[in-house]
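Student: This is the structure I have questions about; it appears just below.
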Amino acid sequence: MEIMMAIIAGFLFSAATYLILSKSLLRIIIGTGLLSHGTHLLLLTMGGLGGKSAPVVADGVTVADYVDPLPQALILTAIVISFGVTAFALVLAYRTYQEIGTDNMDYMKGRGEID
Amino acid sequence: MINLVVLPIIVPLFIGTVLLLFRKSLLAQRALGLFGAAATLVVSLILLAKVATDGIQVVTLGSWAAPYGISLVSDMLSILLVTTASLLTLLVLWYSVYSLGEKRELSFFYPATLFMLTGINGAFTTGDIFNLFVFFEVFLMASYVLIALGGERIQLRESMKYIIVNVVAAALFVITIGYLYSITGTLNMADLAVKLGDIGSMGVISTVAIMFLVVFGIKAGIFPLYFWLPGSYYAPPLPVLALFGALLTKVGIYSITRVYTLIFTTDVVFTHDMLMMLAIATILFGSIGALAYMDVKKIIIYNIVIAVGVILFGVATFNEVAVTGSVLYLIHDMLVKALLFLMIGVLIFITGKTNLREMGGLIRHYPVLGWTYLVAVFALAGIPPLSGFAGKILILQGGLEGGFNWQSIVVALSTMVVLLSAIRIFIYAFWGTEKSFNSPPRASYVKRMVPVVILFALTMGYGVFIEVLMPLFQAAGTQLMDSSIYIDAVLGGEK
């Protein structure tokens with residue numbers, strides 16, 4: 001199961017890399033979204049995928065049955081952070097489009113003018 | 001007070017939050033903003049005195065025992081950095097009161113700066129690797145706001161690149177933490193050091209160590225990961241640039257120092273040699289950049305890159321003399337870079353230009369700025385009685401003792417490049433034939449010079465009275481080289 005998840009995370013990373021290296025600003029932001037998905041999936045996988053029961057204290061569940069609760073807390077934190085950053089990046093991309101008038105990264109260099 | 005360690009993080013956070021309530025009042029923003037930075041400075045000075053007398057201070061949040069809860073650890077290195085960061089934030093905020101302009105000041109400039117200080121102080125203080133990531137994001141988020149604040153075209157363009165680079169770096173950071181967690185099953189730095197020490201040398205641990213070098217190297221601006229730095233730092237207004245140049249890259253340097261002296265010490269031959277090569281390459285490429293430009297901002301920005309290389313050379317040498325020198329040089333570099341950026345700010349304010357070829361003959365009308373700038377450049381290069389000297393001489397001594405002969409020569413020669421690149425600003429802008437500028441009113445020049453001269457006096461004092469401060473730096477060097485002191489302070493309770 002871990003190998004399967006590692007392959008999927010790797011596929012997400014390669015797709016993210018491909019998108020981040022493209023010219024359009026929105027494709028880059030979609031790439032960062034995929035990148036954070038891959039990251040969170042990897043974090044979950046790295047904590048181990050064993051365990052039968054969700055980490056909530058309940059009757060009739062022994063300690064050995066629980067899934068490792070720590071990676072889930074880490075992922076929850078990382079999700080919120082990447083959500084905040086993505087929201088900021090999207091608004092900034094919108095402002096950049098309004099101000100500079102393009103979403104092509106090729107035109108966003110030098111003195112910032114489109115000739 | 002047991003919770004003293006938390007105060008340098010809580011105080012700016014709390015005052016920054018209060019500031020959000022008064023967004024229309026310029027007076028409240030300025031007064032509370034300056035008060036917040038000053039209060040942070042005071043509590044960090046108290047904590048510094050505490051650490052100097054009683055050794056490493058540890059707080060475990062919520063009283064959960066060390067490897068299970070989050071511990072905040074204030075050893076000598078971290079409290080020295082926290083104090084310097086708070087001091088510089090205070091002086092830069094004072095400078096920005098006169099220089100930033102009301103519109104920007106009312107657009108959450110002061111809260112964002114205080115939140116950035118929160119994140120920086122937290123990153124210096126934390127003893128948990130995932131908590132370090134969270135504090136990284138705290139100050140990065142604030143720095144995104146600061147770099148885009150004002151919304152000029154160049155700012156929008158460069159902040160977009162800055163955010164993309166840092167998002168990728170943050171994802172890499174989380175991936176690396178995931179790998180480390182799957183190897184050791186812990187996130188506490190002291191516990192990590194113990195567990196990795198038990199495992200010993202293993203290929204996958206060196207891989208993770210290099211991944212951490214990549215992650216923190218992007219923040220610190222080492223070769224070949226400094227590509228984003230010259231462009232992004234060129235965009236924001238000068239007070240923001242001074243904060244970034246003095247503080248942000250230094251968090252990356254601190255993190256490299258921390259993980260490479262505490263956690264990854266089992267395969268030093270591979271990891272520290274890698275760091276050594278990258279440090280030398282960083283110095284070389286920074287030197288090329290510093291000499292290539294005739295633009296005052298670009299020259300000082302590339303000097304940041306050179307200093308990063310010099311400090312990491314000391315860390316990579318990995319003996320007590322060089323590490324002590326690195327800490328000394330790190331604090332010196334924070335002070336002097338903030339000072340130089342503020343001086344460049346006054347220069348650009350007077351002339352209205354950034355190109356050196358369009359300046360000249362300023363020494364007649366602005367002698368205070370001219371001569372203090374010249375002395376600051378000598379301090380940057382490390383002329384003996386001034387602040388850069390003691391750190392660099394220790395780094396070189398440590399480098400020669402460690403057998404890194406030609407690398408030490410490169411570091412020594414980089415001093416020449418630093419001196420040449422920065423003195424060119426003095427020669428072009430202050431000497432030569434006078435050129436006419438729409439000179440601004442004298443009063444606003446004097447107002448801006450007050451915080452600059454205070455920072456200048458502090459930097460000079462740091463160099464001249466280094467003997468008095470030396471015990472602090474020796475303690476920092478000892479604590480860094482002997483990781484058992486740190487581990488015992490954090491995990492000591494249950495052993």
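Glycine is treated like the rest: Cβ placed from N, Cα and C.
According to TrEMBL:
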DOMAIN    B:128-414  domain 'NADH:quinone oxidoreductase/Mrp antiporter transmembrane'
TRANSMEM  B:6-22  transmembrane segment
TRANSMEM  B:34-52  transmembrane segment
TRANSMEM  B:72-95  transmembrane segment
TRANSMEM  B:107-124  transmembrane segment
TRANSMEM  B:130-150  transmembrane segment
TRANSMEM  B:240-263  transmembrane segment
TRANSMEM  B:275-293  transmembrane segment
TRANSMEM  B:300-318  transmembrane segment
TRANSMEM  B:338-356  transmembrane segment
TRANSMEM  B:368-386  transmembrane segment
TRANSMEM  B:406-431  transmembrane segment
TRANSMEM  B:452-473  transmembrane segment
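Help me understand the surroundings of these features in the structure.
Tutor: Residues 28-29, 32-33, 35-37, 39-40, 43-44, 47, 59, 61, 72, 82, 86, 108, 110-112, 114-115, 117-118, 121-122, 125 of the same chain lie 6+ residues outside the transmembrane segment (B:6-22) yet bring a C-beta within less than 8 angstroms of a C-beta in it.
The list of residues near the transmembrane segment (B:107-124) in space but at least 6 beyond its ends in sequence, with Cβ under 8 angstroms from a Cβ of it, reads 8-9, 12-13, 15-17, 19-20, 23, 29-30, 32-33, 36-37, 40, 44, 78, 81-82, 85-86, 89, 92-93, 96, 100, 131-132, 134-143, 145-146, 149-150, 243, 247-248, 251, 254-255.
With a cut-off of 8 Å between Cβ atoms, the residues of this chain six or more beyond the transmembrane segment (B:240-263) that come close are 77-78, 81, 85, 88-89, 92, 95, 113, 116, 120, 123-124, 132, 136, 139, 143, 146-147, 149, 189-190, 192-193, 196, 209, 212-213, 216-221, 229, 233, 271-272, 275, 297, 300-301, 304, 308, 311-312, 315-316, 318, 323, 326, 330, 333-335, 337-338, 341-342, 345, 480-481, 483, 486.
Tertiary proximity for the transmembrane segment (B:300-318) is limited to same-chain residues at least six positions away from its ends with a CB under 8 Å from its CB atoms, namely 220-223, 226, 229-230, 233-234, 245, 249, 252-253, 256-257, 260-261, 268, 272-273, 275-276, 278-287, 289-290, 292-293, 325-326, 329-330, 333, 337, 340-341, 344, 380, 392, 394-395, 398-399, 402, 404, 407, 411, 414, 417-418, 421-422, 481.
With a cut-off of 8 Å between Cβ atoms, the residues of this chain six or more beyond the transmembrane segment (B:338-356) that come close are 88, 91-92, 95, 99, 238-239, 241-243, 245-246, 294-297, 300, 303, 362, 366, 369, 372-373, 376-377, 380, 422, 424-425, 428-429, 437-440, 444-445, 448-449, 451-452, 455-456, 459.
Sequence-remote contacts of a segment are chain residues at least 6 beyond its ends whose Cβ falls under 8 Å from one of its Cβ atoms, and for the transmembrane segment (B:368-386) they are 303, 332, 336, 339-340, 343, 346-347, 350, 362, 392-393, 415, 418-419, 422-423, 425-426, 430, 449, 452-453, 456, 459-460, 463-464.
Tertiary proximity for the transmembrane segment (B:452-473) is limited to same-chain residues at least six positions away from its ends with a CB under 8 Å from its CB atoms, namely 48, 52, 76, 80, 87-88, 91, 95, 324, 327-328, 331-332, 335-336, 338-339, 342-343, 346, 368-369, 372, 375-376, 379, 385-390.
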Student: For the transmembrane segment (B:406-431), could you work out the same-chain residues 6 or more beyond its ends whose Cβ comes under 8 Å from its Cβ atoms?
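Tutor: That would be 276, 280, 283-284, 286-287, 290-291, 294, 296, 299-300, 302-303, 306, 309-310, 313, 340, 344, 347, 351, 356-357, 359-363, 366, 370, 373-374, 377-378, 380-382, 392, 395-396, 399-400.
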Student: Okay, the transmembrane segment (B:130-150) and the transmembrane segment (B:72-95): do they have at least three CB pairs under 8 Å, pairs separated by 6 or more?
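Tutor: Counting Cβ pairs under 8 Å, fewer than 3, so no.
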